[in-house]
Amino acid sequence: MKFTVVAAALLLLCAVRAEEEDKKEDVGTVVGIDLGTTYSCVGVFKNGRVEIIANDQGNRITPSYVAFTPEGERLIGDAAKNQLTSNPENTVFDAKRLIGRTWNDPSVQQDIKFLPFKVVEKKTKPYIQVDIGGGQTKTFAPEEISAMVLTKMKETAEAYLGKKVTHAVVTVPAYFNDAQRQATKDAGTIAGLNVMRIINEPTAAAIAYGLDKREGEKNILVFDLGGGTFDVSLLTIDNGVFEVVATNGDTHLGGEDFDQRVMEHFIKLYKKKTGKDVRKDNRAVQKLRREVEKAKRALSSQHQARIEIESFFEGEDFSETLTRAKFEELNMDLFRSTMKPVQKVLEDSDLKKSDIDEIVLVGGSTRIPKIQQLVKEFFNGKEPSRGINPDEAVAYGAAVQAGVLSGDQDTGDLVLLDVCPLTLGIETVGGVMTKLIPRNTVVPTKKSQIFSTASDNQPTVTIKVYEGERPLTKDNHLLGTFDLTGIPPAPRGVPQIEVTFEIDVNGILRVTAEDKGTGNKNKITITNDQNRLTPEEIERMVNDAEKFAEEDKKLKERIDTRNELESYAYSLKNQIGDKEKLGGKLSPEDKETMEKAVEEKIEWLESHQDADIEDFKAKKKELEEIVQPIISKLYGSGGPPPTGEEDTSEKDEL
């Protein structure tokens, strides 16, 4: 009898377990979607990490645009935005500004003045009226337009995963009220998605940076400057529990406004040059808008950008340059105005600047260097968290949340996985480890530095890539080596070699070296499993590094002192040999005295590479005692002040 009871219990257990499995199976892979005003983004938690998914155009962010062509075709995303210039009345965007609001809402009345498509009142709500081709007009609720964008994101995820997606986590601004949240959920339902959670965008961004994993209570300021909106939120996190303490911002400030300022500038400039007013040609204005947006993006990484438009207006071409300085000047008042909501949020939460533990930048417009500078200055030099693309951070956090809801066990330590566990760098003269990426930097990340040659007419530099915490490469772990050849003959320290380290989300390191003079390049790719360390080795190395820190410091000082003497001697040698500089101003006796002293020190260096710090310092002092009286004499006769250090610009040598 006992046996049957046990068997029944087992059966029951199996049935419950199977039911749980079924339940989990029903959910499938849950995706995280950032449904933005101007752009949307989708991510998924897969194989223990977040993947942000590129759309069919290869873009990781998709314009929140829907268009209806005269032929009756419906376009969503990039395709819709691309034909905005030719079909502005039937291209719908900014639906997020209308969703969940009533027709009489003052912000709706303000918005519809600026939208190129028609917004009408229906059931006390704003509806969008468009021509869907074949002479037919149709009205859509904002939820339906948002649903079309969500469908596009859902299809993007399905194409990547190779299976149906039915469940999602969708983000909304922290200030969205219940009606707006419910309307967003409804948009999901229309798109065939079960929206399991609606989470606040700033919370999602904080989760993306793993800030929910920190011990104790933390204050986090999220600065979110997107395409059309600006939101500042102050969150507190206490052991994984988030609370939005205060929010502020400007629902009408973002990248589009910066574009508008630049456009107005060029429209005025064009009128001044040609006497023609472009404003009345909708298509020309939209063409300009598209090119200005491209130029603005380019200016986040370069100092000027060209804007070229063929047959811009009445058959005439348009060609102008926009510099970063001009872009900043045109928008400076808007950039500065972003600080007021930050101040307000601090006041509302009763906190001082120094109480903020983390600053998180979100939204594509936070890539603008001036914005980053203003935020950093406001917080007295405190650096914001970095490492996740600002336009992907919200979707990233939504995907983490989605992973938890999918029942993925791996989400536990997620964000700890996504850092670079050890410092990465290259070997420079004297076996010194020159750091490019410090340990615990969140990946993906990219860092560049300029180096130079260590000897005259050096045709090749060898780039040795190491990981580890010790100041000297011999104590660190060699990851790979490659050569950059074909460097044209030049004195030491003259060639400029830019070394770039880039780690992608999969922890794959790419190191590139480029001779800035010739454009000559070479690179190496280092993957996780190739030659990498185990977590135990990493831990041991970090502990060792602390133990050895003191002796390492002494050794590095010795090498630095030697390098100082060497640089001083070679710099003098070059100047004495240059008739344009010191060489042309010295008397023959003085020249001979200096040449002899310099040669003597160079020879001594070659045979005493391992001398003590004191020896190197003494030799440098001896040389200075010979050189300085001669140079002082020159000063007396009005010569220019050549110092021994003149040409040694601050570049490490390879």
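Positions of Cβ are set from backbone N, Cα and C atoms, glycine also.
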Students should find that the motif 'Prevents secretion from ER' stretch in Swiss-Prot, chosen from 35-38, 559-562, 579-582, 651-654, is 651-654
I'd like to know which of the binding-site residues GLY36, GLY228 has the most other Cβ atoms within 10 Å of its Cβ.
GLY36
If you average pLDDT over the motif 'Prevents secretion from ER' (651-654), what do you get?
66
With an 8 Å cut-off on Cβ-Cβ distance and a minimum sequence separation of at least 6, pull the same-chain contacts of THR518 (O-AMP-threonine), or say none.
GLY486, ILE487, PRO488
With neighbours defined as other CB atoms within 10 A, the best-packed of the modified residues LYS213, LYS447, ARG492, LYS585, LYS591 is ARG492
Mapped onto three states, the DSSP assignment of ARG492 (omega-N-methylarginine) reads coil
